[in-house]
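A.B. asks: Below is a structure I'd like to ask you about.
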Amino acid sequence: MARAVTTQRKVFFTVASWAVALLIFFPILYTVITSLKSETEAIQGFGLIPSFTFENYVLVQTQNGYFKPFMNSVVISVGSTLIALLIAVPAAWAMAFSPTKRTKDILMWMLSTKMMPAVGVLVPMYLIFRDTALLDTRLGLTVVLTMINLPIVVWMLYTYFREIPGEILEAARMDGASLWNEIVHVLTPMAVPGIASTMLLNIILAWNEAFWSIRLSAANAAPLTAFIASFSSPQGLFWAKLSAASTLAIAPILVMGWFSQRQLVRGLTFGAVK
Amino acid sequence: MKAKTLALSACSLLAMMMAAKAETLTIATVNNGDMIRMQKLTDDFTSKNPDIQLQWVTLEENVLRERVTTDIATKGGQYDVLTIGNYEVPIWAKQGWLLELNDLGSNYEVDDLLPAIRGGLSVDDKLYAAPFYGESAMTIYRTDLLEKAGMKMPEEPTWEFIGEAARKITDRATGVNGICLRGKAGWGENMAFITALANSFGARWFDEQWKPQFDQPEWKEALQFYVDLMKDAGPQGASANGFNENLTLFQQGKCGMWMDATSAGSFVSNPKDSTVADKVAYTVFPSKGELKNHGNWLWSWNLAVPASSQKADAAKKFISWATDKAYTELVASKEGWANVPPGTRTSLYKNDEYLKAAAFASTTLAAMDAADITKPTVKPVPYTGGQFVAIPEFQGIGTTVGQLFSAVIAGQSTVDDALAQAQSITTREMTRAGYIK
């Protein structure tokens with residue numbers, strides 16, 4: 001009897017998990033389906049069977065060109081992530097292993113910068129970018145995305161580092177390891193899952209960031225978020241083309257997430273069952 | 001072989017030198033059919049002007065407006081040519097943000113521009129933007145459904161007639177709605193239509209002292225008429241419907257009548273997308289009783305040069321090419337007369353080939369000629385603008401009031417409550433902005 005209940009529960013949880021997963025994934029799936037419809041089909045209402053036309057992908061490519069914004073997205077998201085990690089690893093190390101009585105306040109202050117609506121600093125940022133000739137440059141967007149995601153990176157790394165026993169680092173110091181060796185050869189290998197998941201999450205956040213990347217770029221540094229925005233229109237039919245542009249924009253990050261999901265999950269649950 | 005390689009290298013070097021010498025114009029534009037078509041045809045421009053290269057920034061209308069406003073207000077100088085509406089042109093020109101376009105070339109027939117459009121783009125008789133395409137509003141209707149209801153569309157319909165016809169046409173069992181009108185909140189969405197409707201009812205946004213007028217009987221009558229009509233003869237979920245949604249409904253045969261921008265004509269009459277293309281006819285925007293005010297809806301997308309551009313001469317060359325008469329001929333030769341950008345030049349409406357290809361052309365011209373944005377309604381007003389009020393504060397106020405009116409259509413509020421709130425919010429904002437002392 002007990003065994004039957006267990007099986008029933010297993011079946012229930014399996015079905016429920018699949019249902020929730022499908023529910024979460026459905027908008028992406030429907031975007032892909034819509035991208036394979038004609039514009040007339042797309043506006044005719046809900047339908048799961050498209051006519052499998054690839055016309056929208058061709059149009060999207062010929063109208064705006066995919067490669068340039070794709071490369072901009074790659075450079076900006078990877079660049080901002082690497083710079084953020086370079087700054088955040090030492091910062092998180094210091095806060096995790098040599099905390100002071102103000103460490104918590106500093107962490108809260110860093111996080112509080114994320115609470116401010118971005119539009120509140122749009123004009124000052126725009127003026128700074130104008131005066132430093134960073135408008136519509138990859139460097140400018142890389143810098144701004146580094147700054148935006150830095151608090152999250154520091155927080156995540158701080159949480160991971162806190163899970164590493166301080167005694168191990170002490171032992172390394174007693175064995176004569178320098179600070180550099182301690183971070184590079186002792187701490188970093190132990191925190192690789194955490195650093196990897198932080199890196200992946202930060203790339204995803206930077207890839208999807210739309211507010212600043214649309215407003216601080218024009219024709220040269222516009223990433224894929226701006227590419228998608230160019231297909232929306234208040235007059236005329238555009239759903240299928242917009243879906244094709246969205247599919248092309250999310251495909252690289254979806255593939256990257258798929259292949260690195262084990263690393264991502266390992267990092268996100270790092271220390272959770274300690 | 002060596003000589004061939006040498007020649008090829010020389011050619012490449014020359015091409016690179018020319019590219020390096022060429023000026024690159026950055027053009028900000030919206031994503032609609034006419035603008036996309038222009039992008040495809042720019043080879044014609046670059047072949048005539050090899051020293052000018054073009055790069056495009058295409059964005060959704062509201063994103064573009066916000067993006068371009070930030071750039072022009074901060075003198076960011078990211079763009080050399082802007083696509084802006086006739087709402088922005090007078091406001092930005094008065095701020096000194098736009099360059100005057102008095103030198104678009106000797107062949108540019110500026111007097112050929114439709115007077116209503118040209119007037120909306122001029123400040124102190126100086127042109128600050130060149131119109132790329134223009135539109136007014138009209139009544140689009142199904143001849144078969146009207147006939148079935150035993151009614152005939154008059155040349156100049158009144159709202160009373162429209163109300164009666166819409167209710168007769170409505171057949172919920174077959175999914176046919178008598179009328180489809182904008183309900184989606186936004187200053188350029190439902191408020192464009194409702195402001196034109198209110199104008200035709202004799203209502204006005206502000207009196208001569210900038211005092212909001214939502215507490216006046218004309219507004220109550222106009223809004224009550226709109227709400228009742230949508231309840232009796234409008235589609236379900238109309239509070240979410242904008243231009244695109246109503247276009248879809250009309251193309252699918254689910255609307256008997258639709259009052260909206262004249263640019264809809266080319267969409268509903270295109271048999272590729274519309275199932276009712278052969279059953280559509282057009283007439284002017286309705287008026288109320290004897291008032292003979294047809295809403296004065298007037299919109300144009302225009303090309304302008306920001307004062308911060310360092311490439312003004314090249315930008316003007318491009319604008320001249322894109323808005324000249326020769327451009328319409330170029331489009332016609334490549335894509336047919338039905339696809340030329342409408343509503344900017346008088347000569348287009350004297351062109352037999354165009355009149356033959358576009359059944360809505362005469363109604364469009366009549367509507368645009370009749371639109372007077374300096375006198376949008378019956379009573380005097382301190383502002384210009386037909387379906388909008390040409391003041392910087394209108395985007396915010398119009399959208400807030402649009403949300404209040406959309407809530408009435410959704411059944412979440414009443415006409416009286418919405419008007420009272422609109423009056424209070426608009427009074428507060430206009431006082432803050434210094435219009436009301």
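Cβ from N, Cα, C; glycine included.
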A.B. asks: Quick check on the annotations: TrEMBL lists transmembrane segment for one of A:183-205, A:206-228. Which range is it?
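C.D. replies: Among A:183-205, A:206-228, the range TrEMBL annotates as transmembrane segment is A:183-205.
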A.B. asks: Using a cut-off of under 8 Å between C-beta atoms, tell me which stretch among A:12-30, A:141-161, A:238-259 contacts the transmembrane segment (A:72-94) the most.
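C.D. replies: Stretch with the highest Cβ contact count: A:141-161.
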A.B. asks: Could you pull out which residues elsewhere in the chain have a CB under 8 Å from any CB of the transmembrane segment (A:238-259), counting only those six or more residues past its ends?
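C.D. replies: Long-range Cβ neighbours of the transmembrane segment (A:238-259): 28, 31-32, 34-35, 37-39, 41-43, 56-57, 59-60, 63-64, 66, 70, 73-74, 200, 203-204, 207-208, 224-225, 227-228, 230-232.
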A.B. asks: For the transmembrane segment (A:12-30), what are the same-chain contacts with Cβ under 8 Å, counting residues 6+ beyond its ends?
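C.D. replies: Result: 250, 254.
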